[in-house]
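In what follows, a structure is listed as structure tokens, so that the remarks can point back to it.
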């Protein structure tokens, strides 16, 4: 399905991930992202709730509130209270925590508000509002990026389950079919292919995942494609191809052979670049078969039957390598 199965182990420089916190948050799984989203707000509320409680404690607001609660007769008698607290109606840490939430999310102060008695309280009010805006921007941006990630659009870009090798224009070709299920287009779509296999150099060095780019051909030429309907993309197996010496006999013995196909383009509706990938192992390549037609004209319009998207039929194909086929033709 194009997913990478390479595991990264023993990474010593883990701090590099923290240098790009936003990308790290976007790459996390949804449960971890939601946990961090919740804890970022909760921790900031608790932190500033503690700050507001310390300000009230240092200014004596808590002691004064306790005295009023113990002597309600003074309040009932209408004796004026000349004491001005830093924040009104702060009686405990719970009320300080509620005030912290009200400041940061602008729910509404109600009976609690900052007075001009304490400059430090005004400074904390400004700092908490700025911190709250930063947290909102980062976390909401992270949630937006996760919900609009480009790979979601790639779910409707489909590849045939199997690839085939057959004759086209008298040459052996590696072919696959690609299509787009949505009506919205993929702009500037390009497709490329790589062969990944284990190789050895002349000096004896073993390269376990050697990547070899091979040229893809398509009906409109070049690597650009126009996915108005499913297309059959093919690669001519010539002397420059890494498949030049592949035959149906030894194809089944190439357990380390994998052909990766990558389609890239810009999503028309969002303008975000998306990428869809798939891969074909040796046992997923069918020799001597061809894809059946799926586009037909009905009532002046072209109709695509996706139920036959991956169907193939057998066709006469030489059971030899492209090298042998070319040599036989040169002799004749």
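Cβ atoms here come from the backbone N, Cα and C positions, even for glycine.
Those TrEMBL annotations? Automatic predictions, nothing curated.
Listed in TrEMBL for this protein:
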- 1-149: domain 'Potassium channel inwardly rectifying transmembrane' (DOMAIN)
- 157-329: domain 'Inward rectifier potassium channel C-terminal' (DOMAIN)
- 34-58: transmembrane segment (TRANSMEM)
- 121-144: transmembrane segment (TRANSMEM)
Checking distant contacts: for the transmembrane segment (121-144), what same-chain residues at least six beyond its ends satisfy Cβ-Cβ under 8 A?
21-22, 25-26, 33, 36-37, 40-41, 44, 48, 51-52, 55, 86-87, 100, 103-105, 114-115
Averaged across the domain 'Inward rectifier potassium channel C-terminal' (157-329), what pLDDT does the model get? Just tell me the whole number, please.
84
